[in-house]
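Reading through the structure tokens given below for one structure.
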Amino acid sequence: MIKTHIAGYPRIGAQRELKFALEKHWRGEISQRELLDTATALRLAHWQTQIDQGLDFITVGDFSLYDHVADHIALFGCIPPRFRHEEGSPLDNYFHMVRGKRPKASQCACHADTFALEMTKWFDTNYHYMVPEFDDETRFNLHAEALLDQLAQAKLLQHPIKITLIGPITLLLLGKSKQPDFEPLNLLDALVDQYTTLLGQLKQAGAQWVQLDEPVLGLDLPASTLALFDSTYNSLKRGGLPILLGTYFSELEGHISQACKLPVDGLHLDCVRGLKDLPAVLDWLPNYKVLSLGLVDGRNIWKTDLEQALKHVTAAFDSGKNEVWLSSNCSLLHCPYTLADDTGVLPAVRNWLSGAIEKLGEIELLKQAANALLHGKALSTETATALARHQAAVAERHSSNWVHKPAVKARVKATEGLSFSRQSPFKVRRAVQQQRFNLPAFPTTTIGSFPQTADIRALRKRLKAGLIDQNAYDTEIRNAIADCIQKQEVLGLDVLVHGEPERNDMVEFFGERLDGFAFSANGWVQSYGSRCVKPPILYGDVSRPAPMTVDTSVFAQSLSKRPVKGMLTGPVTILQWSFVRDDQARSETAKQIALAIADEVIDLECAGIGMIQIDEPAYREGLPLRKKDQAAYLDWATLAFRISACGVKDETQIHTHMCYAEFNDILPNIAAMDADVITIETSRSDMELLRGFGEFSYPNDIGPGVYDIHSPRVPAVGELVRLMQKAAEVIDPAQLWINPDCGLKTRGWPETLEALHVMMQAAKTLRTLHQNVKLCA
Ligand SMILES: CN1c2c(nc(N)[nH]c2=O)NC[C@@H]1CNc1ccc(C(=O)N[C@@H](CCC(=O)N[C@@H](CCC(=O)N[C@@H](CCC(=O)O)C(=O)O)C(=O)O)C(=O)O)cc1
Ligand SMILES: N[C@@H](CCS)C(=O)O
Ligand SMILES: [Zn+2]
């Protein structure tokens with residue numbers, strides 16, 4: 001028997017309805033009721049689409065107003081004490097937990113300025129989840145009302161229901177221990193009790209199945225953790241609801257037999273990332289269990305090769321399996337709603353693509369084709385035509401002239417064996433650069449973007465709608481740059497930026513200017529909360545038809561005597577935050593992008609730009625989940641950065657920037673990138689992240705972020721001085737720069753100016769405290 005389902009659906013809304021409703025609610029423009037009505041309407045629409053496309057189950061539990069991990073914190077009642085208030089609705093307190101809060105003058109002490117939960121990347125995706133906090137005071141207290149309400153809504157559609165939840169072991173491992181020696185897994189028994197009760201309630205309320213996702217099974221796990229799965233799932237059985245164990249994002253290698261033997265009713269396998277596991281799973285998984293094959297890629301947008309997928313379905317039945325489910329490998333959260341009619345995408349490329357709705361159609365088409373094959377029946381004419389048309393599009397992409405550019409391939413080939421080093425070692429470059437720029441101790445700078453105001457976004461919208469012409473747009477952008485430069489001069493920053501007002505997004509902007517990329521008009525994907533990105537579609541060999549940033553940089557530099565950094569996004573980040581090719585190695589694509597960025601770097605240098613920042617915030621995120629694959633990645637990712645950066649003279653200062661990551665385990669590779677200056681996110685770890693840089697004797701200059709840009713909170717001078725003093729304990733002060741954690745695009749101007757003013761005061765204090773800093777080795 002074949003059944004179809006998905007691991008989860010995008011939730012922001014086909015027209016970003018949830019984003020706009022959330023932001024209106026936060027601005028006080030709509031009530032909680034209106035926000036919840038929007039959410040209900042979206043869920044009903046999503047379930048109806050799944051039914052219309054023929055899926056055998058609708059998936060409930062994947063929707064969230066902000067983040068699904070935060071929802072589990074609310075569901076199991078493990079909200080950290082600082083967010084538990086007597087006053088305010090549960091939803092107010094939920095938003096408080098995920099967004100933080102500044103106290104209103106009139107509010108009581110329980111509303112003190114509280115930091116939101118930390119946010120971090122969901123495995124190796126560009127989605128951010130809210131990090132649960134655990135300590136020995138953590139208690140669980142089931143609050144299933146919201147989930148049961150959703151189940152009741154779904155039941156109105158009279159279609160079988162599968163609930164989806166994060167499994168208890170993954171949930172604990174995603175969290176952070178708030179005490180030095182406390183292990184979140186100590187809480188497992190208590191949490192499993194709550195899960196078991198919940199599963200019982202869900203069964204009673206009419207759910208047919210639950211999918212419990214344990215993507216950590218695809219990570220390198222200690223034997224002690226692996227050992228917990230058996231007893232955990234034995235307990236969960238008591239809930240009485242059939243369990244599908246969900247795995248995705250990685251191969252199960254090493255854990256396959258255990259995953260197959262767990263006391264659950266079915267196993268879901270990621271057949272995109274973990275296809276290698278399939279033969280072993282077919283051997284090990286008992287035939288009475290359901291095997292769910294995740295054959296449609298939820299993290300990319302290419303049409304699935306259904307003929308290939310069909311072979312895997314056949315192999316499953318040939319191995320004796322009785323019940324095979326067809327699905328996406330992971331939640332469709334990571335892809336846009338639809339690309340079928342997106343007018344932004346080049347028509348030649350559009351036919352190769354599949355958004356969430358189209359992926360539901362693929363799963364259904366696969367089911368029909370597999371059923372016909374298994375029962376020895378001919379396909380209906382309609383299915384045969386749809387399948388033939390689908391496969392023709394898949395084949396066309398692989399052989400298209402749009403994809404393959406011999407000159408680009410030849411240029412990459414010519415780089416083989418080259419090491420791509422700067423002309424001189426850092427110490428020599430540093431002296432030459434200090435002579436050129438004459439910077440003070442603790443130079444001050446920012447990461448690149450300044451507030452992307454509603455006015456700037458509205459301006460771009462007017463350009464797109466044809467309401468203003470390119471000249472009018474360029475003039476306004478230049479005004480914004482001039483204003484930004486002037487504000488930085490007034491603040492007294494040492495190294496300026498142009499502020500990035502012309503960029504819709506730091507990756508999409510470059511995608512729009514490079515050959516080999518297509519972009520969509522409405523292909524939005526949730527990044528965190530109400531924030532979305534529109535990843536460009538990297539479909540072919542990459543080259544740079546013309547300079548991309550030189551005019552803007554030259555203009556910005558013409559407005560100041562201080563250095564203004566040229567601002568580029570690095571090859572690994574462009575790769576990581578785009579929908580990328582699946583027909584060639586990522587390392588190959590990265591080299592192509594690196595060569596295009598290298599051309600831009602040289603053009604900037606030739607135009608007189610003395611400092612160039614090549615941002616690589618996704619360098620760490622691209623690290624494969626399994627240790628065995630990491631060294632190879634780090635080698636090519638570092639090489640890609642060096643290809644883009646190393647063509648310049650010693651006197652040109654190369655900066656890079658990284659955020660959202662633990663860096664300590666990859667320090668040798670970061671050092672090998674050999675950027676003259678690296679700015680990193682550190683303030684939220686109280687500079688602890690920097691300790692590793694000190695222990696490793698990181699050789700080049702470092703700007704540890706001194707304040708968190710995710711919050712409107714303005715720090716105090718003393719706080720920043722303390723953080724920098726902490727940094728100076730582990731790093732030679734002569735190596736230290738002062739800057740915020742990351743770009744300021746999501747902030748408003750008032751708090752930005754206030755916070756930077758505080759940062760400048762802190763720099764002054766530090767220069768007094770460290771008068772003897774020797775700036776040049
Ligand atoms: C640094 N980060 C980034 C990541 N990934 C990227 N691809 N880019 C990143 O910068 N990953 C890690 C982090 C994630 N952080 C963020 C932070 C902020 C956003 C964000 O603000 N997103 C915006 C959309 C940005 C954008 O593309 N803007 C466009 C179009 C804007 C738009 O929606 N226009 C409206 C009209 C608006 C108006 O005021 O009238 C419209 O077209 O209808 C632009 O500026 O032109 C967001 O709003 O979600 C994302 C990730
Ligand atoms: N230059 C970018 C980097 C963000 S990670 C910015 O400032 O927004
Ligand atoms: Zn950043």
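A Cβ is built for glycine as well, from the same backbone N, Cα and C atoms used for every other residue.
Unlike curated entries, TrEMBL annotations are predicted automatically.
Source: prediction; values computed, not measured.
Among the features that TrEMBL reports, active site, proton donor is placed at His710. With a cut-off of 8 Å between CB atoms and residues at least 6 apart in sequence, the same chain places Ala116, Met119, Asp741, Cys742, Thr746 near His710 (active site, proton donor), listed in sequence order.
In three-state terms derived from DSSP, Glu621 (5-methyltetrahydropteroyltri-L-glutamate binding site) belongs to neither a helical nor a strand segment and is classed as coil. In this view, Glu621 (5-methyltetrahydropteroyltri-L-glutamate binding site) is surrounded by 21 other Cβ atoms within 10 Å of its Cβ, with every protein chain counted. Look at TrEMBL and you will find Arg16, Glu17, Leu18, Lys19, Lys121, Arg531, Cys532, Trp577, Glu621 tagged as 5-methyltetrahydropteroyltri-L-glutamate binding site.
Secondary structure at Gly448 (L-homocysteine binding site), taken from DSSP and collapsed to helix, strand or coil, is coil. Taken from TrEMBL, the feature L-homocysteine binding site applies to Ile447, Gly448, Ser449, Glu500, Asp615.
In sequence order, Val497, Gly499, Glu500, Met506, Lys565, Met567, Gln613, Asp615, His657, Gly743 constitute the residues six or more apart from Gly448 (L-homocysteine binding site) in its chain with CB-CB distances below 8 Å. Residues annotated as L-methionine binding site in TrEMBL: Ile447, Gly448, Ser449, Glu500, Asp615.
The Zn(2+) binding site annotation in TrEMBL covers His657, Cys659, Glu681, Cys742. Under DSSP, Cys742 (Zn(2+) binding site) is assigned to coil, being neither helix nor strand in the three-state scheme.
Among the features that TrEMBL reports, domain 'Cobalamin-independent methionine synthase MetE N-terminal' is placed at 4-315. For the domain 'Cobalamin-independent methionine synthase MetE N-terminal' (4-315), the model's average pLDDT works out to 94.
Feature annotation from TrEMBL assigns domain 'Cobalamin-independent methionine synthase MetE C-terminal/archaeal' to 442-764.
In the three-state DSSP scheme, Cys532 (5-methyltetrahydropteroyltri-L-glutamate binding site) falls into the strand class. The residues near the L-methionine site, meaning same-chain residues not in Ile447, Gly448, Ser449, Glu500, Asp615 whose C-beta sits within 8 angstroms of the mean position of the site's C-beta atoms, are Thr446, Val497, Met506, Met567, Gln613, His657, Cys742, Gly743, Lys745, in sequence order.
A count of other CB atoms within 10 A of each Cβ picks out His657 as the most crowded of the binding-site residues Arg16, Lys121, His657.
For ligand 3, the recorded positions lying close by, meaning a CB under 6 A from one of its atoms, are Cys742; the full candidate list was Lys121, Cys532, Asp615, Glu621, His710, Cys742.
Those same-chain residues not listed among His657, Cys659, Glu681, Cys742 yet with C-beta within 8 angstroms of the centroid of the Zn(2+) site C-beta atoms are Ile447, Pro617, Met658, Tyr660, Thr679, Ile680, Gly705, Asp741, Gly743. Of the candidate binding-site residues, Arg16, Cys532, Glu621, Cys659, the one lying closest to Ile447 (L-homocysteine binding site) when CA atoms are compared is Cys659.
Under a cutoff of 8 A between CB atoms, and with a sequence separation of 6+ in the same chain, the neighbours of Leu18 (5-methyltetrahydropteroyltri-L-glutamate binding site) are Arg11, Ile12, Thr38, Ala39, Leu42, Leu65, Ser530. Distance from the CA of Ser449 (L-homocysteine binding site) to the CA of Arg16 (5-methyltetrahydropteroyltri-L-glutamate binding site) is 24 Å.
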